[in-house]
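Visitor: Just lifted these from TrEMBL, have a look:
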- 19-24, Asp43, 51-54, Lys67, 112-117: ATP binding site (BINDING)
- Cys153, Cys156, Cys431, Cys434: Zn(2+) binding site (BINDING)
- 200-214: compositional bias 'Polar residues' (COMPBIAS)
- 552-563: compositional bias 'Basic and acidic residues' (COMPBIAS)
- 441-533: domain 'Ubiquitin/SUMO-activating enzyme ubiquitin-like' (DOMAIN)
- 200-225: region 'Disordered' (REGION)
- 537-563: region 'Disordered' (REGION)
Amino acid sequence: MEFEQQLEVIKSAKVLMVGAGGIGCELLKTLALSGFQDIHIIDMDTIEVSNLNRQFLFRQSHVGQSKAKVARDAVLRFRPNINITPYHANVKGPEFNIDFFKQFNVVLNGLDNLDARRHVNRLCLAAGVPLVESGTTGFLGQVTVHVKGKTECYECQPKPTPKSYPVCTITSTPSKFVHCIVWAKDLLFAKLFGDKNQGNDLNTRSSDGASSSDNAEDAFERRAGEDSEHYGRRIYDHVFGYNIEMALGNEEAWKNRDRPKPIYSGDVLPEKLSYQNGNVEDCPNGDPSSVSAMASLGLKNPQDIWSLRENTRVFLEAFKLFFGKREKEIGNLIFDKDDQLAVELVTAAANIRAASFGIPLHSLFEAKGIAGNIVHAVATTNAIIAGLIVIEAIKVLRGETNKYRMTYCLEHPARKMLLMPVEPFEPNKSCYVCSETPLSLEVNTRRSKLRDFVDKIVKSKLGMNLPIIMHGSTLLYEVGDDLEEDEVANYTANLEKVLAELPSPVTSGSVLKVEDLQQEFTCNINVKHRENFDKEKEPDGMLLSGWTEIPTPEKENDSSLGKEEIVSTPYQTASLGTENDDLEIIPAGVDIVPGGTKRKLSDISNATTSSSAGVLDVTVNSQKPEVIDDDNDVVVMIDGGNLNANKKKKMLE
């Protein structure tokens, strides 16, 4: 009887999936095989070659097509009688508003970025729809349940923020290979092949010529009649030689650092490039992005670490191929991890810069992982997490609040378990999203512009898409398609004014109200004037409190560049990459409770967040946890561990 009831609940449910990638493919398959009849999928991405090793619903012939639509078609081949509605679109689009979300019984997230997760969380809160979140990276993964008023929302706990590096470190004093990758990808590659009108922190002043006029020449401008190899060598000598010599002129900078060594192409590679296989004429398969300097030079293994000479050859050859085979794209290119030639040039450039600064060189395979924010995915982890998502979704649909679990998939057994379920926490009373707690902002109100506040705080940290900013009764800023021209001009003018000089001056003690009507999200920000900021530690020039980010230690091979990171579970620490991957934090000091041991939400007291350290401090009631016998839990043991009445290790299927 219970099975029939559960099946009826599943069949009548209307489910929204957000994300059709690594987790999404497994999830759609599992939902279909579990009996769900009405599934909607949103995903803005198209299929890439790098997806095919784990996103099993896709094939080589699908590259370039919509993930949501191809996933639908693939599942309908073995479950033709169910309804799957795909949307090849951004979940932040205006069509996916609160009314759209209200039609669903549950929302299942398989996203790969913090911004979209926050957006979905806020829409689910506003629509009153339960959300099941998930993420994986390598062998690690988690599933969490978020129900308005009953459990914490996705933003109740602090989330690690994308790793950023001060410009001065990148341009002048790199100490790690990731700094060289950022320089090669975001500065050099962008300057050479991207939008020429974009600002760039590279020194472009030429070293050629004797006069000051000649010295002011832009070294990156190609001279009339200059062949691509000469042009490439001139760029090489400028960025790896002349610019390093200029930096060495600042003696103060090298008092406590090893001095870098200028590198010139003629010293490393006096002769012209030679080719081992002659494969330089045509684009393989007619695809410009598959042109390869490695193929031209006879280099085959991407896991080999190239010497300085080999890196120089790859740099010059990749440079030559861009201008010889892909000249039409120059000026519009952005780095893409699936663009072989771009990866080769960035790897070579990063390695040459690393050699100059005494930093260990890396293989193309490693460099691609760092530049493309890749943590190599494990398909089995995605499958496990997808199964756990469906289990939690069924509990939500059946209203089994007391059985909700946040489940963590561990790389190494902890207490002889690989799956670790934790009972959800209550909503955090300090959460600025679901509890509307005011935030505090320290800022120099006489120097910072409204544009800085909008870009660095409202959009970047608070994740608002269509913000409205008010000071008292004065509307300082608004965006939207329904604005009059004079309103747009007025708000645009406000963006360039410092906070203290706005129509309603924002000074110390001011309270700004920031609202996003699309998300139905409002927060108040208390402003405090602060004169000075540490450029290294506080590069934004402003500090937001109450919105908590977690500081994470840098690693030599930091593959989490530009992405979220996991920090400090009781058992392990790992970096996140580009798989559907926002691993949650198991707060330090919180006991993990196995599935058979229930800790009541009311037992958790004195939960506070430290805005300085960004670590949740949770004190658990010292009373003995209540043991629960859930018949539908499955015991998962490692190495034949013993069970007894008081210490059962039970895991969720």
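These residue numbers are counts, starting from 1, taken along the chain as shown.
Just so it is clear, glycine is given a Cβ too, placed from its N, Cα and C backbone atoms.
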Visitor: Using the centroid of the Cβ atoms of Cys153, Cys156, Cys431, Cys434 as reference, list every other same-chain residue with Cβ within 8 Å of it (recorded Zn(2+) site), in sequence order.
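Guide: Apart from Cys153, Cys156, Cys431, Cys434, the close residues are Leu125, Glu152, Tyr154, Glu155, Pro427, Asn428, Val433, Ser435.
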Visitor: Quick check on the domain 'Ubiquitin/SUMO-activating enzyme ubiquitin-like' (441-533): DSSP residue counts for helix, strand, coil, in that order please.
Guide: 24 helix, 30 strand, 39 coil
Visitor: Across all the protein chains here, work out how many other Cβ atoms are within 10 Å of the Cβ of Gly22 (ATP binding site).
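Guide: By my count, 28.
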Visitor: Give me the long-range Cβ neighbours of Cys153 (Zn(2+) binding site): same chain, 6+ apart, Cβ under 8 Å, in sequence order.
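Guide: For Cys153 (Zn(2+) binding site), the qualifying residues are Asn121, Leu125, His146, Pro427, Cys431, Val433, Cys434.
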Visitor: I'd like to know which of these binding-site residues, Gly19, Asp112, Cys431, is least surrounded, judged by other CB atoms within 10 A.
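Guide: Sparsest of the binding-site residues Gly19, Asp112, Cys431 by Cβ contacts within 10 Å: Cys431.
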Visitor: Average the pLDDT scores across the domain 'Ubiquitin/SUMO-activating enzyme ubiquitin-like' (441-533) and report the rounded value.
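Guide: PLDDT averaged over the stretch: 91.
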Visitor: Any idea what the Cα distance is from Asp115 (ATP binding site) over to Cys156 (Zn(2+) binding site), rounded to a whole Å?
Guide: 15
Visitor: Near Asn53 (ATP binding site), how many other Cβ atoms are within 10 Å of its Cβ?
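Guide: By my count, 11.
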